[in-house]
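Per TrEMBL, the features are as follows:
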type	residues	note
BINDING	CYS43, CYS46, CYS80, CYS83	Zn(2+) binding site
REGION	179-320	region 'Disordered'
COMPBIAS	200-209	compositional bias 'Basic and acidic residues'
COMPBIAS	236-248	compositional bias 'Basic and acidic residues'
COMPBIAS	298-308	compositional bias 'Polar residues'
Amino acid sequence: MSERKVLNKYYPPDFDPSKIPKLKLPKDRQYVVRLMAPFNMRCKTCGEYIYKGKKFNARKETVQNESYLGLPIFRFYIKCTRCLAEITFKTDPENTDYTMEHGATRNFQAEKLLEEEEKRVQKEREDEELNNPMKVLENRTKDSKLEMEVLENLQELKDLNQRQAHVDFEAMLRQHRLSEEERQRQEQEEDERETAALVEESRKRRLLEDSDSEEDTTPTQPQPALRPNPTAILDETPKAKRKAESWERSVGALGSRPQLSGLVVKKTGLDSVISRRRAPPLPGAMKNGQAAGPAPQMPSTSSLSQLGVYSDSEDSSGSN
């Protein structure tokens, strides 16, 4: 089985390479290449615009009897994308560019035309100076004068810009420093106002909380109901004295007549209250299994004592 990738071939002993016939190709042979449009162009047939960078399958050939410093010049054939008209252009190694040849016109080449015009003027000037020495001196004088004018105009523009755009760095720094201090002062004042407001608010809140806590901790004590005091009888002594005095004024003093003083029992308001509060013993109460004795009899009172009691009752009803 033979080798798939043949690296060495067999040459017979009688091999003569000069006997191999050579392929004769024409010098204007064309090749199919893939290229992009080197510049913007417009088709003369249909007016279609072909922009720079558009890709084409072009035919390439070598231009006969044309070269630049031994470099061959190539021609390219492309077709319009709309009408399929043939467009040709070739290389220009002298200007490192391409030259439009047939089928379209080149667009947007004002810069190239300007460069060509400058080159033409420069070439004419060099030709004049080569044959006329006075022309060289004249051109130098014009160039120096033009250069001085350009420098003067440039200096004038610089001075104008400096006058219009004069910047005082010290004033700028001073203004920046003042603005910074003002800003810091304003921030400090705002902080102080906010702090004072917070302190005032916390103080009010604390006072409200303290008042609420005091109300919660000290509830109002209910007033106890007034009960009769057992010793309130003693406070009625002045009233009893006033009643006795009123009785003495109405009846008379018993001290002037000692014989009648023993007959009248003087009953004050205190004795009457005590007699009223004294409760009689329960009937039928037994003590040690024996019946209780008869109740003790109150001493008999005279008519004068009854009159005094009657006057006391009238005074008490009048005062009430």
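Just so you know, glycine gets a Cβ as well, placed from its N, Cα and C.
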The compositional bias 'Basic and acidic residues' (200-209) - residue tally per DSSP class, helix then strand then coil: 10 helix, 0 strand, 0 coil
8 Å Cβ shell about CYS43, CYS46, CYS80, CYS83 centroid, Zn(2+) site members excluded: LYS44, THR45, GLY47, GLU48, THR81, ARG82, LEU84, ALA85
Fewest-neighbour residue among binding-site residues, criterion Cβ within 10 Å, set CYS43, CYS46: CYS46
Intrachain C-beta neighbours of CYS80 (Zn(2+) binding site), sequence separation six or more, cut-off 8 angstroms: CYS43, THR45, CYS46, GLU48, ILE50, ILE87, GLY103, ALA104
Other C-beta atoms that fall within 10 angstroms of the C-beta of CYS83 (Zn(2+) binding site): 12
